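According to Swiss-Prot, the features are:
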- 1-21: transmembrane segment (TRANSMEM)
- 75-95: transmembrane segment (TRANSMEM)
- 96-116: transmembrane segment (TRANSMEM)
- 174-194: transmembrane segment (TRANSMEM)
- 203-223: transmembrane segment (TRANSMEM)
- 234-254: transmembrane segment (TRANSMEM)
Amino acid sequence: MDIIQVIVLSIIEGITEFLPISSTGHLIIVSNLMNLAQNAVQTNFEITIQLASIFAVCYEYREKFYNNLELWKKIIISFIPVGIMGLLFHKIVYQLFTVQIVATAFIVGGIIFLIVEKYYKEKEHNIKDLKDISYKQSLLIGIAQAFSLIPGTSRSGATIVGGMLCNLNRKTATEFSFLGALPVMLAASLFDIVKHHSELGSGDISNLVVGFIVSFFMALITIRLFLKYIEKYNFVPFGIYRILFGVILLMFFVR
């Protein structure tokens, strides 16, 4: 990869990881457009920029994490369903990384967002703080998160929808989605590291450093701006974007 490709992919990861539009789906499409082979170098790079996004969440929520055992329990509970499903079906999941499936997941996810928003009443969703989320709700959100194993679904999208259906307001559902990303992304990164341990070290170190820095700051900016956005607006634009993006993929990339 050249430096332009490194920066572009890092920006995409940083922006899309925490928006309900699937970072994996965007990285797959852009990598295909750049004709980048899925080899050891590419795998190491993707692990690096994903870890950068994890660090961005840790930095942004460092005060909430400190000495907050209850929050950690809820995050771990939400991880259990996707963790189990990932271990049981990871071989099948890797076979789903096709443009057709990504595009279909984009469209279906977009439709779900539009339906949920149509019937959503903010004033009736009385859970407005992370501390008020129950263990049962954490588990239900985790079950919704398991659907994100399907490429193109969006982990953040699945957890946000799950949170809204569990009586969380938009901002709280979004924040819990950010925090719930930590064990999922960390587990996915560790799984890739173990799987490709013999290939670690492949690639240009300077590319990895640049990718990490760009992804970290883009993720941090996205988290802050997205929370401000969702305090005033809804997820309808993201639903429409997902549908349009999925249709474009089917029209131009599926033969």
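Each residue, glycine too, has its Cβ placed from N, Cα and C.
With a cut-off of 8 Å on Cβ pairs spaced 6 or more residues apart, the transmembrane segment (174-194) and the transmembrane segment (234-254) reach fewer than 3 such pairs and are scored as not touching. Listed as Cβ neighbours of the transmembrane segment (75-95) (distance under 8 Å, sequence separation of 6 or more from its ends, same chain) are residues 135, 138-139, 141-143, 145-146, 148-151, 159, 176, 179-180, 182-184, 187-188, 191.
Away from its own ends, the transmembrane segment (1-21) comes close to residues 27, 30-31, 34, 36, 41-42, 45-46, 49-50, 52-53, 56-57, 106, 109, 113, 154, 156-157, 160-161, 177-178, 181, 185, 204, 207, 210-212, 214-223, 226, 235, 238, 241-242, 245 of its chain (Cβ-Cβ under 8 Å, at least six residues beyond either end).
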